[in-house]
Amino acid sequence: MSSHRLPNDTIPENYVLELSVPAQDIAYTGTVTIGIRVQHTTNSIVLNSLRNRIVHVRLQNTNQLEQPILSIEEDPVAQTLTINTMSALSTGSLYQLTIRFENEIRSDVSGFYYFTYPSTATGELQFGAITQFEAIDARTAFPCYDEPGLRATFTIIIDSGIETKVYSNMPVAAVKIIGEGMKQTRFQSSPPMPTYLVAFAITTDFVSSRVSLKGPESSFNMELVAPPGSSPSARQYGLELGALAIRAVERHFQQTYDLPKLDQLAVPKFYFSAMENWGLVVYEESYLLYDESTGTNRDKENVITTIVHEFVHQFFGNLLTPHWWSDVFLSEGFATFYEYYISSELEPSIRFQEKFTVEALQTALLVDSVSTIRPLSYSVPNQSDIMSLFDIIAYQKGGSILRMFHYALGESTFLNGVRHYIRNNKGSSVTPEALFASLQFAAEEDAVLSRSLNVTTLMGPWIYQSGYPLVTVELQSDELIFHQSHYTTDSRQDTEDGGGKTWSIPVTYQVVMSDGTATTEQFWLPQGTSQISIPSASLPEGAWILANPHQTGYYRVNYDANLWLRLIQQLTRNHEVLPPTSRGQLLDDGVKLYLTEHIDAPLLYGLLQYIEREIDTIPWIVLLANDNLGALRDALVPDEASFNAFTRFAVTRISSIFELVQFDGISGEPHEFQQLRSSVIEWSCRLGVTECRTEALSRMMNDMTGTAMIPSYLKESVYCGGATVATLDQLMTVWLRMQASGNLGERSLLIAALGCAENSDFLDQYLASLFDPNTNYQPGEWYQVLSAVYSKSATGFAAFNRWSVAYTMAILQNFGTDPAFTAIMADIQRRLQNLPRHYELVQLFMQT
């Protein structure tokens, strides 16, 4: 048993939580009464508690007879409260534990915390309070058994100011005036649920809209509650979308939502984008409220996917809860996969399923390529590390693995297995093995696996091993040979020997002939098998092979030189024969394989050639990512000649897409162009596209004077682009705006934009200003300034070098021992050391 786990000799069956929260006061008092059952004979009751001042504890048996308490022990390190009893509590017996306590409402967006917002009537700040208990912060609001695998019913009773409105997981059962300007709100008892899903909120003048959802199988109310200044149309959008989303989720999983309400509450200050509390989903307001007249396309996507994500959680996480935080992917992985899958049903005009590969899968592949990364199922040694499990591995990798098996087993079989998983485990805590069993049931029912294969064997390595494989395809005579090895960004040797790791890999590949006829093949490359040979007729001229089409599998793909050249020739002839997700995959894999020395410079150069004819958003977003073409740009910054060769090459590739997207959207353009526009403008301007720089400078100065405002989603890119050719006086105007601003977000944007400048005189003054006592820099902004300057251009890198020589003593005194500055110098050294390995690629760029 881990030191931060409860012994679970006793477990909760029900809670009655009573809180008294005086108006405008952070102090509150509470009483929690817990019905507990003894699992194993014991002389102690151990539960979680932190920040609570215990006033009184009472223990009674089922006959309401007092049970003598020997002592009470509080351990703030273990975050436990232990009640030691005079006599043993016998197995199977029931007791009622009552604890009176005092506490304060927090201010740090965790636990039970407060927020402020302006009143629309007076403009004065109003007080609100809200909970955020995931993962282990319920214990900071009241003593409880704060583990996800322990479910109990909750009856919430809150005393608050008479003018307040109180919300919780369940509908209000009764409200009564209790005097002294206070009222008491009692809520209906909840179904059994873990403590992290308990929620309550206190507001004053929030506004709301409501809809009643009626159906033959489930009927419940939905209310959207938001700050008073929120847009009515934005609230209506969130309410209507919520109603559609929960019905879509119910249909997909053939599971009804059975609570009497499902409310959505928007607050101005929240730790996550949203939290799936059962019956009371809480959102940071920008992730619930979308106004067509002011919001960006990205804002709309965020609202759709966030609502769907939280409603998927009503089943995965709420109805079925991971047994422990080690397997939080059973909640977050499902929500991440289905947020894209079901969102595409709600809004078909947005390419959600294709965007999954870019935003989730490729993000996970990047993070998961470090050999020290954790596996999906992982127990942290300390409870202070539990929140670290809510990471890209749990969300994006978890979703990617589930998506892979969705396609590997077949969409119908996988969905049947998931529905079986819900039916068989609802109302309880689950492990990965429960999921394996349900998918196995569906696989056997549909006969999609041979008798030699089972889901546990196939899926287990992806859950319990970190990292992922590289599948390499070779054509030798009349055989296709598929190899697997562990792909990492560590040393080349690590990727060669695989570190001993192998996986059961669902390999899909297409053979496409020159006349366009295609065949698709699938097989499993077993764990423990390094390679497998498939008989194949030799490929005639013009034919090619594409492995992992649509990037459904969670692995990278490499090819021998012959097969790479065939793919490159096809991209050059007609790239649209390959789906956009596959073109994006080839670019992502290609750059990563070059950077890890799996393919040589001529192959990458050939692959990049085709992009000048690409007009689809997916491949461009992939290519322009900081870890792809951005990584090459960054690598060449230290050498002016190399950097200039790269920019000349890249300009000819990006010009056509810049001409297409320009600075202003037009009616009827693809939805995703808006997101692409920002990247294309920054890239085009920084690469030196004259029309881009001129237009960006004009727009930046108009925005500065208020003549014509830049849309929020373009401001950072336009300012960066304008700064590249701005005069010294214009740049100083931007700098002075930054110095005068009290908004940290605006300051960060302007600091980054000024780093794009290519005016050497300004850059020298900009860096020197870090040591000017008359300047107004906030703590840590020196790091932002240095990072922006040395990393954006060869001109900036040279300016950084001049500064480091001219101000050596001041640098040592101010930054010398700071880890952030040490990291900058290490990054610069790494870039300089890596320059020679890009020599061959630079020579190819120079031929352009």
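A Cβ is built for glycine as well, from the same backbone N, Cα and C atoms used for every other residue.
Note that this is a predicted model, so its numbers are computed, not measured.
Taken straight from TrEMBL:
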- 12-197: domain 'Aminopeptidase N-like N-terminal' (DOMAIN)
- 237-462: domain 'Peptidase M1 membrane alanine aminopeptidase' (DOMAIN)
- His309, His313, Glu332: Zn(2+) binding site (BINDING)
- Glu310: active site, proton acceptor (ACT_SITE)
- Tyr395: site 'Transition state stabilizer' (SITE)
- 544-845: domain 'ERAP1-like C-terminal' (DOMAIN)
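Remark: His309 (Zn(2+) binding site) has Ala274, Glu276, Ala335, Thr336, Tyr338, Glu339 as non-local neighbours, by Cβ distance under 8 Å and separation of at least 6 in sequence. With every protein chain in view, the residue among the recorded positions Glu310, Glu332 whose Cβ has the most Cβ partners within 10 Å turns out to be Glu310. Residue pair Glu310 (active site, proton acceptor) / Tyr395 (site 'Transition state stabilizer') shows a Cα separation of 13 Å. On the backbone, the CA of His313 (Zn(2+) binding site) and the CA of Tyr395 (site 'Transition state stabilizer') stand 12 Å apart.
Here the Cβ of His313 (Zn(2+) binding site) has 25 other Cβ atoms within 10 Å, regardless of which shown protein chain they belong to. Rounded to a whole number, the C-alpha distance linking Glu332 (Zn(2+) binding site) with Tyr395 (site 'Transition state stabilizer') is 5 angstrom. Under a cutoff of 8 A between CB atoms, and with a sequence separation of 6+ in the same chain, the neighbours of Tyr395 (site 'Transition state stabilizer') are Phe329, Glu332, Gly333, Ala335, Thr336, Ala360.
Same-chain residues that are not part of His309, His313, Glu332 yet have a Cβ within 8 Å of the Cβ center of the Zn(2+) site turn out to be Glu276, Glu310, Val312, Phe316, Gly317, Ser331, Phe334, Ala335, Thr336, Glu339, Tyr395. The average pLDDT computed over the domain 'ERAP1-like C-terminal' (544-845) stands at 94.
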